[in-house]
């Protein structure tokens with residue numbers, strides 16, 4: 001399975017002036033933990049890091065020598081453009097792809113493997129977790145409009161997996177139509193294509209704020225403590 005890791009993370013909400021994926025996490029850059037999980041996953045055979053040129057040297061230096069094919073792909077101005085460039089950078093003949101946020105550094109190798117197996121069996125899917133809070137839909141004034149049924153709500157995460165050519169066609173269509181979506185599954189929804197969820201468990205968080213970084217440190221410490 002081919003894996004694209006989105007690595008153009010901003011440090012703005014972390015209060016940092018650099019890519020948050022380069023922030024230290026238990027003595028290593030955050031992205032190193034993400035890549036470690038991909039390297040350990042038995043179903044992942046190729047890794048593409050999609051990022052900005054300003055971060056290239058530092059990210060690749062942080063990863064060091066790895067035992068799987070790993071390439072750098074220059075990202076675009078938006079996530080959508082970066083994914084399209086990532087697809088263009090896949091090896092010739094690649095049929096399926098997983099796309100993962102570099103900031104989800106708590107991902108477990110098993111999650112990559114489960115997603116890969118399901119995608120290769122024909123599914124378009126996203127890792128997700130059932131929503132446990134009661135969700136309120138509000139209007140522009142902050143007044144509650146209604147309460148969606150929590151049993152139907154899942155929080156979308158990554159990896160997200162698709163057939164390469166179908167995903168490429170979707171992004172080309174989005175580019176032509178001027179659509180803006182927050183993830184690849186939203187693009188499939190807009191085109192009427194089916195996507196299923198795969199339960200990622202509770203710990204597959206995206207590190208976005210300083211609090212998230214504290215949580216990630218605690219989780220990783222618990223995993224590495226004998």
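Glycine too: its Cβ is placed from the backbone N, Cα and C atoms.
Because the structure is a prediction, the values reported are computed rather than measured.
Copied over from Swiss-Prot, here are the features:
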SITE      13  site 'Transition state stabilizer'
SITE      20  site 'Transition state stabilizer'
SITE      150  site 'Positions MEP for the nucleophilic attack'
SITE      206  site 'Positions MEP for the nucleophilic attack'
Inquiry  = By the count of other Cβ atoms within 10 Å, pick out the sparsest of the recorded sites 150, 206.
reply    = 150
Key: residue 20 (site 'Transition state stabilizer'): tally of other CB atoms within 10 A of its CB   = 24
Ask   = Rounded to a whole number, how many Å is the Cα of residue 206 (site 'Positions MEP for the nucleophilic attack') away from the Cα of residue 150 (site 'Positions MEP for the nucleophilic attack')?
value = 21
Inquiry  = Just to verify a number: CA distance, residue 150 (site 'Positions MEP for the nucleophilic attack') to residue 20 (site 'Transition state stabilizer'), in angstrom, no decimals.
reply    = 32
Message = Helix, strand or coil for residue 206 (site 'Positions MEP for the nucleophilic attack')? Use DSSP.
response = coil
